[in-house]
Amino acid sequence: MRAWTGSWRWIMLILFAWGTLLFYIGGHLVRDNDHPDHSSRELSKILAKLERLKQQNEDLRRMAESLRIPEGPIDQGTATGRVRVLEEQLVKAKEQIENYKKQARNGLGKDHEILRRRIENGAKELWFFLQSELKKLKHLEGNELQRHADEILLDLGHHERSIMTDLYYLSQTDGAGDWREKEAKDLTELVQRRITYLQNPKDCSKARKLVCNINKGCGYGCQLHHVVYCFMIAYGTQRTLILESQNWRYATGGWETVFRPVSETCTDRSGLSTGHWSGEVNDKNIQVVELPIVDSLHPRPPYLPLAVPEDLADRLLRVHGDPAVWWVSQFVKYLIRPQPWLEKEIEEATKKLGFKHPVIGVHVRRTDKVGTEAAFHPIEEYMVHVEEHFQLLARRMQVDKKRVYLATDDPTLLKEAKTKYSNYEFISDNSISWSAGLHNRYTENSLRGVILDIHFLSQADFLVCTFSSQVCRVAYEIMQTLHPDASANFHSLDDIYYFGGQNAHNQIAVYPHKPRTEEEIPMEPGDIIGVAGNHWDGYSKGINRKLGKTGLYPSYKVREKIETVKYPTYPEAEK
């Protein structure tokens, strides 16, 4: 009996691995074999065509906008100059129209379809492999069972990396990669223009203002997120953010000694009337509103994460895997524009450390978080995911050295990592680790260290950390501003991404689920699930809001519920 008990333990382990892999694959595959009836397939095709037509219509609208006769002088201000510009625009328009005609005629490109079929075949072959190997496990025991289970896990890794590599190339075919680059750039520039307009009113004395004091009693990452929260409320209520940062615990000279001012025209909090936050409607006749920390905010406005602007939601859903993180990252991007001295410091540190790609960022928090907000994680737990991602990177690029940027507040960890993993090149500045200790944390030197750590972590090709750490989440947010979509470029050993003080994080059940154990909860398609966390084993934990039951459910059976809010669109920023 013991042999069979051991066998079934391994069988369950492999099935969990299979379920996790299906979660990754399921979000990308074009076909859904669980819904084979003809009407569902036809509906999917119609919806896909409608989405393509919608995007083409939007592109044509932008094209028509660009074809308007330019106002004011062009070139030398002559009629010839105007004609030349219009001719160039007309040629460009004809090229784009021809591209649309080809798309309508030919559908998806050859490379796209070849890769789609390869992924489909890869998923089938993986299932065939699992069925065969699990049957073999039933007849094994002892060391032979252990050896065979290890081999299965090794082979599963190869299968998973092959499918993920094909999915990456699929995302780049038929100009999709170029489109994603351009669309992400356009969206970023649009939002940054809106923020810049809001933050630089023509007459500061008449501007509606929201005052935010940076000195919340916590560390740098937490304080930065506090300012981001203030900024999002300011943006939503159409108020210029006034950041009070004198006698900042990290730099007594204030925010502006490290980063560029949040406004070039309006830093004075004075106004005809001042009051504490009492809600957007109640404060409409108050010129200057003081905002508390998010923990004390009442009433709560709709502009808190994880909501995204309604006018950008459709575009964000197409271009980014986590629109809520992208939206937060736009405010972080604006806030942390460095002063020249800091820019120079970053450049010098890059050269001194020899920071280059490919590189994976690892952040290990060991001091104040351990035992309270987070569990202790040995370096081995991080390095498992580092090695996995390097093997994946090697499928599509040359990995000359396996580099790891190690950021930690434990000065002894660098030596331990180098000893245990001599085949890796660890990039780290131990002086930053010393300055991150509890006794040195709130100094200008410590601030410099944490800024550098966050910078290099965000620049990495992949991030392994604990999302319970604000530093890790800030690095992940900045990473989103450096790529069209870096939402999947991380592995957290504990929490899923969250923003302190956020509104409820909900998911929607896509497939039904019948509990197999008392720990699991039932689901029907359409049920709203309030997610508490992902266990990173194929299961998440949450509450079925319809039933009021809390427990585990398969992660692949849900999708994110995107919350949208009617943010102001600031059309004046485009003039």
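Residue numbers in this text run from 1 along the chain shown.
Any Cβ shown, glycine's included, is placed from N, Cα and C.
Taken verbatim from Swiss-Prot:
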- Cys204-Cys266: disulfide bond (DISULFID)
- Cys212-Cys230: disulfide bond (DISULFID)
- Cys218-Cys222: disulfide bond (DISULFID)
- Cys465-Cys472: disulfide bond (DISULFID)
- 206-493: domain 'GT23' (DOMAIN)
- 502-563: domain 'SH3' (DOMAIN)
- Ser278: phosphoserine (MOD_RES)
- 299-305: motif 'SH3-binding' (MOTIF)
- 1-9: topological domain 'Cytoplasmic' (TOPO_DOM)
- 31-575: topological domain 'Lumenal' (TOPO_DOM)
- 10-30: transmembrane segment (TRANSMEM)
Count the other Cβ atoms sitting within 10 Å of the Cβ of Cys204 (disulfide bond), across every protein chain shown.
18
Between Cys204 (disulfide bond) and Cys230 (disulfide bond), what is the CA-CA distance rounded to a whole number of Å?
19
Can you name the residues of this chain that are 6 or more positions from Cys266 (disulfide bond) yet have a C-beta less than 8 Å from its C-beta?
Gln199, Asn200, Pro201, Cys204, Ala207, Lys209, Thr240, Ile242
Count of other CB atoms lying within 10 Å of the CB belonging to Cys222 (disulfide bond):
15
How many whole Å apart are the CA atoms of Cys218 (disulfide bond) and Cys212 (disulfide bond)?
15
As a test of the contact definition, list every same-chain residue at least 6 positions from Ser278 (phosphoserine) whose Cβ is closer than 8 Å to its Cβ.
Pro299
In this structure, which of the disulfide-bonded residues Cys218, Cys472 has the fewest other Cβ atoms within 10 Å of its Cβ?
Cys218
Please list the DSSP helix, strand and coil residue counts for the domain 'SH3' (502-563).
3 helix, 29 strand, 30 coil
From disulfide-bonded residues Cys212, Cys222, Cys230, the one whose Cα lies nearest Cys472 (disulfide bond):
Cys222
Should Cys204 (disulfide bond) be counted as helix, strand, or coil on the basis of DSSP?
coil
Using C-alpha positions only, work out which of the disulfide-bonded residues Cys212, Cys222, Cys230 is nearest to Cys465 (disulfide bond).
Cys222
Number of Cβ atoms other than its own within 10 Å, given for Cys212 (disulfide bond):
23
